[in-house]
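A.B. asks: Sharing a structure with you now.
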Amino acid sequence: MQLTRPSQWSFFRRRKPAAAAEEPREEVEVVVAEPEDEEDDLLRRVSDAAWRILIIGAVIVLLLWGATYIRVVVLPVILAVFLTALLMPFANWLRRKGLGRGASTTIVMLTALIVFSGSITVIVQPAVAGFQDLVASVGEAITQLEGIAASFGLDATTLNRLLEQGWSQLQDNRSQIVSGAWAGAVVVGEFLLGLVLVIVLTVYFVHSGDKLMEWVRELFPRNTRGALRTAGDITYGVMGRYVRGVALVGLFDAVLIGIVLLIVLDANLAIPLIMLTFIGAFLPVVGAFASGLLSALVAFVAEGWIIALIVVGATILIQQLESNLFAPRVYGKSLDLPSAVVLLAITIGSIVAGIAGAFLATPVAAVLAALLRNRPFADSRTEGAEKQRIAAGGAADGAGTEPAAAGDRDSPAPAAVPAETSATKQEQEQEGGGKRKR
């Protein structure tokens, strides 16, 4: 008969005492944290958020100041990136067909030059020729609006007095205007320099922009290169979709509204308005409103209030179709911004960099929103922490893991065998041997 209680003899073997068979266990001290006061916790969170906001605001102000100081370089770089995003699909298609970088870049730039020259010949020259009639129509519209305001009881002399004050200030500041001629020459020089930079950078980016980005990524630590690649892909993708989307939306508005304007107005007035409608698409919300208002004023002066109402109704209908049906399919998530954010971005851009800043503010805001939405650097830190945790766990479990055979390096290592399981198996084998002896 075999005794099963610990610390007693059996006929065949002596069992180990239960206390000796068990492995020593480490005592874990549990510390219960005292609950913090809710008010102190709220104040701590508010203070942490406040200094973070202050630091971020200071960095943004410094970046804007630096961008304004070197705007002659910053603006051409941004414009070159936009043009590259517009031209790269054609260049990639040519390269997939077997052409090299040099040949595809040459074909793309020649095609862009031909399209640009054709647009100037067909659209810009007639529009410039008709701008004199357009300016005259706008002046007549302002005069008629003054008469309408006087009929409603508004004092027309107040408007005339304001105009006279403006003219007197212009006469008083004649010396400053003359001295500003040199500033105008500097602006012309900056414009020409920026134009040359845009052309050269666009050619370079189309030819080997990917190599440039790879070189820039190699300047940073290895653990941040993946996040930089993701951020670059997001930025480039948003800019490309924005530029192509704005061009298509502007073409949509210009064609449909242009058909209405050509029907109800003279061609000399309609063509400049069509061009302004296309340009206004690059200034979301504000551009559509300004071009529609100008078209209504010109129609009111040239053809009367009935034609003006027709133009207003057609413009509103076309812009609603564009904003609700056409634009969401073209933009996608590249311009997922509320109208208030767009207006604030345009205002800040115009304050910082003038007209160019107003046109570039919306895509920059779209890029920032996309980066905040995807958070590539936060994902990179999370991935790095996960890798470190896995590596630490593997090192801790390595003591209980039996190494793989030398001749089978590709096969996965066997799972670790806990010590308790091995001891249990040894006891079972010993019990089985004892039973066989009995």
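Glycine is no exception: its Cβ is also placed from the backbone N, Cα and C atoms.
The model shown is predicted, which means the values in this text are computed figures rather than measured ones.
Pulled from TrEMBL, these are the listed features:
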COMPBIAS  1-10  compositional bias 'Polar residues'
COMPBIAS  426-438  compositional bias 'Basic and acidic residues'
REGION    1-22  region 'Disordered'
REGION    382-438  region 'Disordered'
TRANSMEM  49-67  transmembrane segment
TRANSMEM  73-94  transmembrane segment
TRANSMEM  106-128  transmembrane segment
TRANSMEM  181-206  transmembrane segment
TRANSMEM  246-265  transmembrane segment
TRANSMEM  271-290  transmembrane segment
TRANSMEM  297-319  transmembrane segment
TRANSMEM  339-372  transmembrane segment
A.B. asks: Does the transmembrane segment (297-319) come close to the transmembrane segment (246-265), meaning at least 3 CB pairs under 8 Å for residues 6 or more apart?
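C.D. replies: Contact confirmed: at least 3 Cβ pairs fall under 8 Å.
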A.B. asks: List, by number or range, the same-chain residues at least 6 past the transmembrane segment (49-67) whose CB is under 8 A from its CB atoms?
C.D. replies: 74, 352-353
A.B. asks: Using a Cβ-Cβ cut-off of under 8 Å, list the residues of the same chain that are 6+ residues beyond the ends of the transmembrane segment (73-94) and lie near it.
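C.D. replies: Sequence-distant neighbours of the transmembrane segment (73-94): 67, 103-105, 107-109, 111-112, 194-195, 197-198, 201-202, 205-206, 209, 236, 239-240, 243-244, 247, 353, 356, 360, 363-364.
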